[in-house]
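Features of the protein shown, as given by TrEMBL:
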- His213, His363, His367: Zn(2+) binding site (BINDING)
- 40-53: compositional bias 'Pro residues' (COMPBIAS)
- 1-57: region 'Disordered' (REGION)
- 161-181: transmembrane segment (TRANSMEM)
- 193-215: transmembrane segment (TRANSMEM)
- 227-249: transmembrane segment (TRANSMEM)
- 261-279: transmembrane segment (TRANSMEM)
- 327-345: transmembrane segment (TRANSMEM)
- 403-425: transmembrane segment (TRANSMEM)
Amino acid sequence: MTGGTPGPPWSWVWGAPGPPRATRRRGGGRGERPAGHSRPTPPASGPAHPPPLYQAAGRWGTPRAAVRVGLLCRFAPPQLPAWPTAMATVVAQRLSHLLPSWRQAHQEPQPSGQPEPVFTVDRTQVPPLFWKPYVYAGYRPLHQTWRFYFRTLFQQHNEAVNVWTHLLAALALLLRLAIFVRSVDFWGDPHALPLFLIVLASFTYLSLSALAHLLQAKSEFWHYNFFFLDYVGVAVYQFGSALAHFYYAIEPAWHAQVQTVFLPLAAFLAWLSCTGSCYNKYIQKPGLLGRTCQEVPSALAYALDISPVVHRILVSPDPTTDDPALLYHKCQVVFFLLAAAFFSAFVPERWFPGSCHIFGQGHQVFHVFLVLCTLAQLEAVALDFEARRPIYEPLHTRWPHNFSGLFLLTVGSSVLTAFLLSQLVRRKLDQKTQ
């Protein structure tokens, strides 16, 4: 056998210098391991002397038998070397390097030098224009990209509930409109137009409100403008409600008294409500003057718009059996009054200042009750449209006013008012920066 003096027969099993590879395979041969290519020494925890089993098997007298015994010794539990532990350590280290790389590969790439966006800040980091009473955190930073604010639709901030309450309600109205389209001939039935307009007006105010609460944090200028659009949507909804109540819910006795002034006055009060709300937002006076500008026109508009329903409730003899729509009308009145109370009182955040950053704000409760009011109103109007046709058809055969024209006039005048106030805001902010 060539290749120098071999070690003991078991030495190549445990890693000590031993016979060359060819010798191990055939019991002899010509191929020797080059110098410096011997197997590494065993770990410190491995055996440093021949296993006892080999000593017992040494009488077998052949190197090959010794090799077999040495293999058995290698896998004997009492003499198990430390290589599995070392292997597990290496694998864990490899995975610890690979997993962060895998996470980074599946994350949205960020521009070089830009950190992850911060979606909320304290109110000390935004102008006082954006402050909510008794809410000290959950504000979104200003002057971000439009994409950033659309991404906040799925983030937690102090406007998230306001966005989702009206957004989900707007989607529900689209489904309700799809049901109406299957059963109502909006094109061929002249008495179906007010039903379509109330659905359109409801969807308008809900979608504009959701958009305003989602995007108003872009800047001071856009804060004003998006809420101006919100007030336009409220004005459109006010006139749509007045039209639906006047057309389907009114009793003949009340119709005879108000038919000449009801719709023109409803259009004027809707515009006045929009103007007062926009002006209150513009002057930023939280005292009596600001609340008077916003709430008094809205209260007058609601009093006129709901008067056909209230008169009908008062004169109805047995509403539970003969008039199923009247229950929904009662619900819409109760829901609206609750919504108005939460809108004006700033509760419960007034009772728990600093604890209603994400949930529990009075404006959020106002949104919920207003949505319930709108849904109850639409169900009542739909029932009146189907069941009260013998009553409302004779009342509206001849129109003293074109309600479609009044609807467009309300929309146009409200949009124009919002635009004019927007120009005043631009001038105000320009003077502020000079």
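Each residue, glycine too, has its Cβ placed from N, Cα and C.
Worth saying up front: this structure is predicted, and the values here are computed from it rather than measured.
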Problem set entry | Remote residues contacting the transmembrane segment (193-215) - C-beta distance under 8 A, at least 6 residues beyond either end | 146, 149-150, 152-153, 159, 162-164, 166-167, 169-170, 173-174, 176-177, 180, 184, 186, 222, 226-227, 229-230, 232-234, 236-237, 239-241, 243-244, 247-248, 367, 371, 374, 377-378, 381-382, 385, 403-404, 407
Problem set entry | Cβ-Cβ neighbours of His363 (Zn(2+) binding site) (radius 10 Å) | 20
Seminar exercise, completed: Here the stretch out of 161-181, 261-279, 327-345 with the most C-beta pairs under 8 Å to the transmembrane segment (403-425) is 261-279
For this session: Tally Cβ pairs under 8 Å between the transmembrane segment (261-279) and each listed stretch (161-181, 227-249, 327-345), then give the stretch with the top tally.
Result: 227-249
For this session: List the residues of the same chain that sit at least 6 positions away from His213 (Zn(2+) binding site) in sequence and have their Cβ under 8 Å from its Cβ, in sequence order, or write 'none'.
Result: Glu159, Asn162, Val163, His166
Problem set entry | Spatial neighbours, same chain, of His367 (Zn(2+) binding site) - Cβ under 8 Å, 6+ residues apart | Val161, Asn162, Thr165, His166, Ser209, Ala339
For this session: Within the same chain, and leaving aside His213, His363, His367, name every residue whose CB is within 8 angstroms of the centroid of the CB atoms belonging to the recorded Zn(2+) site, in sequence order.
Result: Glu159, Val161, Asn162, Val163, Thr165, His166, Ser209, Gln361, Gln364, Phe366
